[in-house]
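Down below is the structure, laid out as structure tokens.
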Amino acid sequence: MPFLFNTPMLSGGPASVVWCWLLGSVMCFGFGTSIAELVSAYPTSGGLYSASAYLVPRRYRPFVGFTVGWLNILGQIAGVASTEFALSEMIWAAYTLMRNDDFSPSKSQTVGLYVGLLVLHGLLNCLATKALAGITKSFIFINLTGTMAMIIGLLATTPDKHDATYIFTKVVDQTGWGNDGLAFLLGLLSVQWTMTDYDATAHISEEVKRAAIAAPVAIFVAVAGTGLFGFVLNIVLVMCSGNIDINNRGGRSEMIVANILYRNLGPTWFAIVWAVICLNSFSVVLTALQANSRTIFSFSRDGGLPDRGIFSRLSVQKVPVYAVWSVIVVSILMGLLKFASTVALNAIFSLCTIALDSSYAIPIAMKLIYMDHPEVQFKPGPFSLGRGTPLMWFVNLLSLAWVSFVVVILALPTVIPVTVLNMNYASVITFIVISLSTIWYLTSARHWYVGPKSNLH
């Protein structure tokens, strides 16, 4: 979240930061609950990709599975790339502020650190699942510690705080759109990107016990906790932000949150708190890469990738190492967009949300359409909204409407006038990848790809 705080603050102003997070959190909670229900019913390493096979009649399984699989993989790789890039920028932001001179990292330095971090995460993801789980669990405490440290530290050290009117009502269109409402809504990227990859825990369902309960509960708790703590943190950050606008980010770093913390906490405490935040981001990439590799493993196992099954091979530790390194390579290629422009690279954040949320929405929609079909007969798992209940219909339909709305907002240019360098390429990349994969499916893959498989039964 520290990296994307810039988006709502520099698009719609303080009110966009606070209210977009609250609105998005509430809607994401409903969406996450809808996803958790399907994960509970179909706990497989393929997540909702594998679940899609059980939610449509047999004749539609190959095409639906193929579409969901490609969208999910595209979104997850963009998630790994965007989070790793944010971490690289955060490390350089700290280095810039601690130097006390006019230093500014070059594009080559930012991309170089980004590549190094990706390689390190790739090596860690080659460890056995139990070892990786132990590392991941240790970061839960770090996450909570970092959040609380920022909240308490800023409230205790900031002498001049903004009032409630500034925090909750000030909207400033700094995008060039000339529309306060649209500028305000562009701030949704922060919460939508932070919340996505809901089914990450489901991707190791075939490697843990009682996955039908553990995976959905993890989704439920993660979304609720992130929404609550994030809302409070955003209020505090805006309260202690000082005078921020498109031409003044409150310090020498391009990252507003880093400037706020450095200015109010001082160099020493800033370094400590920022290190905790960076460690948390490091753990997020670790988990996201693990989930991503399992999805690619499942898709390759099913014949959905033109790789001759290479990415479905396991190491001695039962880890899909080829799938892990395929994510690393593609993520490195995505990071090269930095050499075009930072705005162009930022489209990867939108791409992550658009592709992933679309891949989740399709199985939810299919469940509503076909749950009583003779070849489907949807049976809820231990975590359920009830089969065919008014609550299920309300939550699922609201979630689908929200995703449709958000996909449109996040595909819009963030700056007007639009140029080649500041264009939002998220929708373009999604269209190209899905078009090419569909052409490959229609001309070749449909002859052998029969849809998702799993060890569910």
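Numbers run from 1 along the shown chain.
Glycine too: its Cβ is placed from the backbone N, Cα and C atoms.
Bear in mind that the values here come from a model prediction, so they are computed numbers and not experimental data.
Per TrEMBL, transmembrane segment is recorded for 16-42 (among others).
Marked as transmembrane segment by TrEMBL: 63-88 (among others).
Here TrEMBL flags 108-127 (among others) as transmembrane segment. Taking Cβ pairs closer than 8 Å, the transmembrane segment (108-127) reaches residues 80, 84-85, 87-89, 91-92, 135, 282, 285-286, 289-290, 293, 315, 317, 319, 321, 324-325, 327-328, 331-332, 335-336, 338-339 in its own chain, all 6 or more past its ends.
Under the heading transmembrane segment, TrEMBL lists 139-157 (among others). Beyond the ends of the transmembrane segment (139-157), by six or more residues, the same chain brings 229, 232-233, 236-237, 239-240, 260-261, 264-266, 269, 272-273, 276-277, 279-280, 282-283, 286 to within a C-beta distance below 8 angstroms of the stretch.
Sequence annotations record features per position, and here TrEMBL assigns transmembrane segment to 217-239 (among others).
For 269-289 (among others), the entry in TrEMBL reads transmembrane segment. Panel annotation: around the transmembrane segment (269-289), residues 2, 76, 79-80, 83-84, 86-87, 90-91, 93-94, 97-98, 117, 121-122, 124-125, 132, 135-136, 139, 142-143, 145-146, 149-150, 153, 197, 200, 258, 261-262, 324, 327-328 of the same chain, lying at least six beyond its termini, place a Cβ under 8 Å from a Cβ of the stretch.
Here TrEMBL flags 321-341 (among others) as transmembrane segment.
The annotation transmembrane segment is assigned in TrEMBL to 347-370 (among others). When Cβ-Cβ distances below 8 Å are used as the criterion, the transmembrane segment (347-370) is approached by residues 4, 31, 34-35, 38, 48-49, 51-52, 55-57, 64, 67-69, 71-72, 74-76, 78-79, 81-82, 85, 189, 192-193, 196-199, 334, 337, 376, 378, 393, 396-397, 399-400, 403-404, 406-407, 410-411, 423-427, 429-430 of the same chain, each at least six residues removed from its ends.
Only residues 6 or more beyond the boundaries of the transmembrane segment (391-412), in the same chain, are considered here, and those with a CB under 8 A from a CB of the stretch are 27, 30-31, 33-34, 37, 182, 185-186, 188-189, 192, 350, 353-354, 357-358, 360-361, 364-365, 367-368, 385, 424, 426-427. Feature annotation from TrEMBL assigns transmembrane segment to 391-412 (among others).
Taken from TrEMBL, the feature transmembrane segment applies to 424-443 (among others). Beyond the transmembrane segment (424-443), the same-chain residues lying 6 or more positions past its ends with a Cβ under 8 Å from any Cβ of the stretch are 63, 66-67, 70-71, 74, 306, 337, 344, 347-348, 350-351, 354-355, 358, 410-414, 449.
When Cβ-Cβ distances under 8 Å to the transmembrane segment (217-239) are tallied for each of 16-42, 63-88, 321-341, the top count falls to 16-42.
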